[in-house]
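> Pasting the feature list from TrEMBL:
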SIGNAL    1-16  signal peptide
DOMAIN    82-275  domain 'Aminopeptidase N-like N-terminal'
BINDING   His378, His382, Glu401  Zn(2+) binding site
ACT_SITE  Glu379  active site, proton acceptor
SITE      Tyr465  site 'Transition state stabilizer'
DOMAIN    618-934  domain 'ERAP1-like C-terminal'
REGION    962-1034  region 'Disordered'
Amino acid sequence: MLAVLFVLVATALATGFPSAGIATGHSPRGRPATPLFDRSHPGRLSIVDPLRPRSHRKLRKRALTSVNDIADPGRLPDSLLPTFYSLTLTPHLYDDFDFDGKAVISFNATSSTNKIILHSKELNYTKEDCQVYEDSDDSSPSEFASITDLQFNTTLEFAKFTLDKSLEAGSRYILNISQYSGTLNDDMDGFYRSHYTTSSNETRWLATSHFEPNGARRAFPCWDEPIFKARYDIFIEHDPALMAISNMPRQSQVESDNDLVVDRFMTTPLMSSYLVAFLVSDFKNLTNSDHNFTTWAREDIITGGSLSQDVGPKALKVLEEFNGVPYTLTKMDQAAIPDFPRGAMENWGLVSFWEPDLIVTADTTTPAYEDIATLICHEFGHQWTGDLVTLDWWSHTWLNEGFATFYENMICNQIRPEWNLEDKMLPTFYHTAMESDVKETEIPMSSPVKSNVSDINDHFGSISYKKGGSVIRMFYYALTPEVFKKGMKRYLSDNMYANADPEKLFTAMDAEATLSNLHQLPGGTSFSEVASTWTEQPGVPVLQATRDYSNPGKVRFEQQRFLYAPPKNASNVGQKWWIPLVVTTQTQKDFSTTLPQGWLAPDQPFASLSTGATADEWVYVNPKQTGYFRVNYDAKNWQLLAAALSADPAALPASGRAQLLNDALTLARAGQLDYTLALPFLQSLKAERGVAPWQAATAAIKYLLARLDTTETNDSFLSLIKDVTADAYASVGYRKRDSDAHEAAYLRYIVSDLACRAGNTHCLSEAAAALKAWLADPSSNPLQVDTRRTTLCYGIRGSDAATFEKMRQKWLAEQNEDDRFTYASALGCTKDKSLVRSLLADAIALKYNSSDGVMLFDALYGHMDNLRIFLQLVKENGDETRKAFGHSFDARVLAAVVRDFRARKDVDEVRPWLEAKYKSSPDWKRLEAAFEHIDKELQSWGDKYLEKVSLWLFAANASPTITPTPSTLPPTDATIPPTNPTIPEANPTPPPTDSTPLQTNPTNLPTDPTLPPTNPTLSPTDPSILQTSTNKPSAASTTASTAVLPALALVFFSLCL
């Protein structure tokens, strides 16, 4: 009887549709539906699937690595392992915005228990809706036990079923949840609703999913951790006027009750729950001739999917070639979702994007156009690292996201080599990762993660993405591309349809390195030993490269952790890394060889290389910045590099110029390099036309603008920026040209903003004219997309009150939220601060609705010169502000204002008032943190460097730039400027010879005939390199004096006048 009953239940769950249903999509017409418990489904998949049918799968417990092995009650027990889900979902759009579901889950018991614990969040069902069956190869499933209790833990998001008898270890079971319901929420997580407005002003709704990291439990009961992989049969019931897509191709479509249809999709391979996806919408598509690569979007914008249709198939092909493993599914869909977390989600076979990140429109800037292509490469990279092979737990998020970041640059660079994406990877990823990694309390790439969503989300940040991608790129070059690719093929092949941890990756790389003579790992050391120093420690090293000019070919290397400020905890500066050493010289100019010529080991106080450079030649370390570390040279070598770039920017490739700009100005900010040695690299921008160096420079320029904003030096700095941007701006102009190459358009996007900011009269005139024409007739005079923000801001900046009012009306009338914020931000650019004050006062007086008022505050306090207006208004109208926007909004804005202060007097003025007003409130913690930040920032920079920077800028602006020559450089015995004295030296008193030999390459490796004969040779011992002068002035102090003296003379002369 139970068998008959179960067959009836199974038939109902499978919707009982005849096999002759309507077949559409990517599968053969008329494919019959497969019974719910048909055990032949693995053989039916058109994929590479090495696994045996699920009934014979080996039972395995979850393996925990040391970094995962932390007490966490939020982790599921591994006594039960899911193997197969059959899911039916019916979303109700245009009604109650809810959904109905049915779930049949097969699982294995690895130990005896009378409890079934899985994840379930905001789903409604009772124990009467659920049954437990025993699964058997020999007969139909039979009821095994009764459910005596069902409890929901809303904190841990668990559903716990208690049975009247225990499940037996080694047996297979089925949990049937015959009905449940949930809400199609509007918070872009789980199974949720989205909408858009058509060109005819009609609202259209859609239902879609976003499950990473733990949203699947909001759509169906499941084991919602990456380690619990299973196969999925998915049925979507929906209005026939809509379409449904999922991870796999549609197998069949049949009619159901209530005038609906049900789409059945082919069974997935083994996959984690967070990668399951579905979409129900009225979208249109672009597809290829084979109908296996499709882009979906709303009808009004679908034509903008042509870029994705071009880049996507190419990316899959290049990834297959790179990894040596084919894409294992039979189709790929890309969907542009109106309401989606910015970016995309790598659901296997159905990648979801936020609309602007997939579809090209008239508003897509050149950088955004590039970002669409690179994001596709990122998400498609996940189809291998993330989907096919999945991290075992979020402790190793970098295994997913770091590889995807690496792919988005390296793979897309092969598709669009003219975009120079690998060069741009440095300012976009390396430099921003280093900026995050400089925090003393930053986490390592691999670090423990608990199961709560906030802890997991903390690992979806710069360290996992940007540092992860940067470190992987370092591994790629250190092992050689050939060995790395073979290692990837082994890693993916050994772990496909399963989970992995870093050790499995390192083991695969070690195996291939052992078989190859190409790699340059240190002798007697495994790749795992080398790599773990980068993945299991926080921070970024700075490599000191010091030359002894009495024996100038020798370079001595030391390492320490790079920090901006003295550490609060001395234990946070003891990290040491395996650092690959690659050097080229002015004579060699070998920027393509990235094979390590030696290694600085974690237990070595120092190491040295012989380069063959003469005293008047520069030495350049870490070409292409393949290594994830900063390099600090002695003063003379810095000057030689600056002189070379001043004479000829092509002396180094664009990647090297970006690297030097970032390193020099960041080291100066940290007090590890004199600003008089760093600022000349900004002067080298005058002849710069590469995008990557300008990207690197922009970050440094913005930092200095913030530090100098309220000082008398600000005009001098703006004068310098005006000078160095003039030629680049003139080369690309303000307006788009038909002849523009991609990089020229990108350069215009960067330098037009800097040129207008610095007061370039042509730029300001163009901005004013473009804004005036647009406000008069937008349809005939659309704003050019790459200078749109510049036009809005600097056009308003020089305008009158009438133009300001027209812009305010534009803001109020605009419906697109992104455009409205852009317009609001433009209003804050006006030089007439009475207009800004009036605008904000109207918001406080509730003359706008609260959301518009909040938008104004958020948009306007981003402008430095509006901060004091904010402060004064809130101080005068505190009660009205809290009434209009809430107390927490008040504190949030004030904390942001405090963090952005530029002068000590502003901090001193506001601190007593805010302490008196907020110290006893819960908001004080936020404000106190803001004060700590700005106190440290002002003390660490303004008090130390303002005078020296001011004098250098005065001298630089008062006379033409003079390119240093060898006769004007410091004496040949110049030593490196003092490093941060608060960071302990690795060995303050080095021995006369290297006590620890430099880790060289194995001596039995054959010589690589492709290497140039002038490559540096290793010099593990050299007493002369260790004996630095202690009684002569440093090059830093010499340079500072030579920079200050002409400035003082000019000041004295002007006073005499």
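From the backbone N, Cα and C atoms, a Cβ is placed for every residue, glycine too.
Are these features on the surface or tucked inside, and what touches them?
Within the same chain, residues at least six positions away from His378 (Zn(2+) binding site) with a Cβ under 8 Å of its Cβ are Ala344, Ala404, Thr405, Tyr407, Glu408.
Long-range C-beta contacts of Glu379 (active site, proton acceptor), restricted to its own chain and to partners at least six residues apart, with a cutoff below 8 Å, comprise Ala344, Met345, Glu346, Val351, Phe353, Ala404.
Its Cβ taken as reference, Tyr465 (site 'Transition state stabilizer') is surrounded by 24 other Cβ atoms within 10 Å in the chains shown.
In the predicted model, the domain 'ERAP1-like C-terminal' (618-934) shows an average pLDDT of 91.
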> Roughly how many Å separate the Cα of Glu401 (Zn(2+) binding site) from that of Tyr465 (site 'Transition state stabilizer'), to the nearest whole number?
5
> Please list, in sequence order, every residue of the chain apart from His378, His382, Glu401 whose Cβ lies within 8 Å of the Cβ centroid of the Zn(2+) site.
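After dropping the recorded site residues, what remains is Glu346, Glu379, Gly381, Thr385, Gly386, Asn400, Phe403, Ala404, Thr405, Tyr407, Glu408, Tyr465.
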> Reported as an integer number of Å, what is the Cα distance between Tyr465 (site 'Transition state stabilizer') and His382 (Zn(2+) binding site)?
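His382 (Zn(2+) binding site) has its Cα 12 Å from the Cα of Tyr465 (site 'Transition state stabilizer').
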> Any same-chain residues 6+ apart from His382 (Zn(2+) binding site) with CB under 8 Å of its CB? Would you list them in sequence order, or say none?
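Listed in sequence order: Glu346, Asn400, Phe403, Ala404.
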